[in-house]
Amino acid sequence: MWITLFITTTLCFSMSRAGDFCENVLKECRDSDPSWIGCYEDRIMTCKPRGRSMTGIKQLKVDSLQEVDVRPTFEHRVHIPSAALQESIGNVPEVDALVVASVINSSYFKLSPPQRSRTPQIHRRNGKVFRDSAVCVRAGNRAVENLSQPITLTFKHNKEVESGTCVFWKETSAKDGTGYWSNEGCDTNYTAHEFICSCNHLSFFAVLVNPGISVTKADANKLNYITYIGSGLSAPFALISLFIYIYLHRRHPEKSISLHMQLTVAMFCLHLTFLLSSLLAQLLKEKEDSSSCLVLGLVLHWSLLATMTWSALEGFHLYLLLIRVFNIYVRRYLLKLSLIGWGFPTLVAAVCGISRVYGKYTLKYSNSNLTQHMCWMSNESEQKLLVVSYITTVAFPFLVVVFNACMLGLVVFKMWELRRGDRSFGSSSDWKKINKERKKRLWKDCVTVLGLSCVLGLPWGLASTTYVSLAGIYIFTVLNSLQGLFIFLWSVAMAWSKSQPENNSSIRDSSSQKMMTTSFNSRN
């Protein structure tokens, strides 16, 4: 009987002590109370790790007058200054402080819906928790907040994300376990391999990142096919468009057509060089580079800059036509535009070439191990690549797209004014004929706006959609790889409009026709 009683007592004691292990605390707190945060913070200070080598949690008893570093995992590090330790024990001298740092899965945190109240959640931040990991930091037996010397948390990364925001978990007043991630009291620093968070309190901490778009191998192959086929079509169609513009310029020597010719040349060079640079990069070995790749990278960069510059000059030309209608004579106008359109890209490409920026470039798709090679700017000079690519392929195109978008909006406004002032069909009694003509004009106006969008380079503005969804990548790839085809359609539309008889009132008075044929009356 005594043996049975002893065994039963031992088993009951063992079962009662099982919950004291740290690995069981989170589950037991979540099972007992939806608002498990307070339970977890209290019990994590008294639980016992199962073995010294247990990962994900570290308990240390340290001198409160000394700062401490805690590593719950290899990827996480917490530095707590002595001021925080002293505050956690009530500033009692010569007393040790218990410090605990643990890493838990962020899926346990239940987000609350955004609230509309007198005290809005202005510090609330949304995003994906980096690697689904949150770090709980506790010290002593008192709340630690508003520190003059912040604690520092380090989250290691492998460059799979470009930026992040340090946040902590803040519970709502509903007491139902819901809350949100807030950046109040936390500052974020980003290095090549680490997120560094500096926060003025102790809590549950994490890093929010924008979720990257996963590109599978099948999607990458499809995008490559679209790009190569689109550029393969754009190059010859751009060349055909150039001949059409030359023919139109001989019959109608207008400055607008001259600008279209320059833009078409730049676009032809862009698509042709892109195909050649991609082909050469594929033929080169993994770490092999060549002078030919350097030259093609330079020409590709020059072509891109020339295309964007001439798109900006097209927008500037529209500005002069639509705003400065009178007194718009500019001496040697085309020569000055040519100096800018070809001179600026040449200068930038020459400086970059002297700085040895160009070479073999390897594009890495986000959230995958897929790569794509091309002759562009070499990956070997990361600092130069970052500065040059940001200025010439991000900032400059952004300014061009914004400016030209404003010009296109001005065109739409002018077309609306012309349409509103048009009373050519006001006296007609045939309502069906009036409605048919209006639909026909609306269709022409839409085609005009779409054509001008391509001439002004607005499809480049869709680059922002590539950070949103995979569909955005497809849309951007299709529209920009087929720019040469769109320019060809625009040239055909211009040739057709020029071939129409002048005495056709429906064509002569059309607002879209006015926009397509408007040009300087002044000579070069």
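Note: Cβ is positioned from N, Cα and C throughout, glycine not excepted.
Going by TrEMBL, these are the annotated features:
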SIGNAL    1-18  signal peptide
DOMAIN    76-215  domain 'GAIN-B'
DOMAIN    223-495  domain 'G-protein coupled receptors family 2 profile 2'
TRANSMEM  225-248  transmembrane segment
TRANSMEM  260-280  transmembrane segment
TRANSMEM  300-322  transmembrane segment
TRANSMEM  334-358  transmembrane segment
TRANSMEM  387-413  transmembrane segment
TRANSMEM  442-461  transmembrane segment
TRANSMEM  473-496  transmembrane segment
REGION    501-524  region 'Disordered'
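Counted over residue pairs 6 or more apart, the CB atoms of the transmembrane segment (260-280) and the transmembrane segment (473-496) come under 8 Å in at least three pairs, which marks the two as touching. Scored on C-beta pairs under 8 angstroms, the neighbour of the transmembrane segment (387-413) with the top count among 225-248, 442-461, 473-496 is 442-461. Of the two recorded stretches, the transmembrane segment (225-248) does not lie close to the transmembrane segment (442-461), with fewer than three CB pairs under 8 Å once pairs fewer than 6 apart in sequence are set aside.
The helix, strand and coil residue counts that DSSP assigns across the domain 'GAIN-B' (76-215) are 13 helix, 62 strand, 65 coil.
Remote same-chain residues near the transmembrane segment (442-461) are listed as 260, 263, 307-308, 311-312, 314-315, 318, 397, 400-401, 404-405, 407-408, 411-412, 415, 419, 476, 479-480, 483, 486-487, 489-490, 493, 510-513, 515-516 (criterion: CB distance under 8 Å, separation of at least six residues from the stretch ends). A Cβ distance under 8 Å defines the sequence-distant neighbours of the transmembrane segment (334-358), meaning residues of its chain 6+ beyond its ends; these are 255, 258-259, 262, 266, 293-295, 297-299, 301-303, 305-306, 309-310, 313, 317, 375-378, 381, 384-385, 388, 392, 524. Each residue in the domain 'G-protein coupled receptors family 2 profile 2' (223-495) has a pLDDT score, and their mean in this model is 85.
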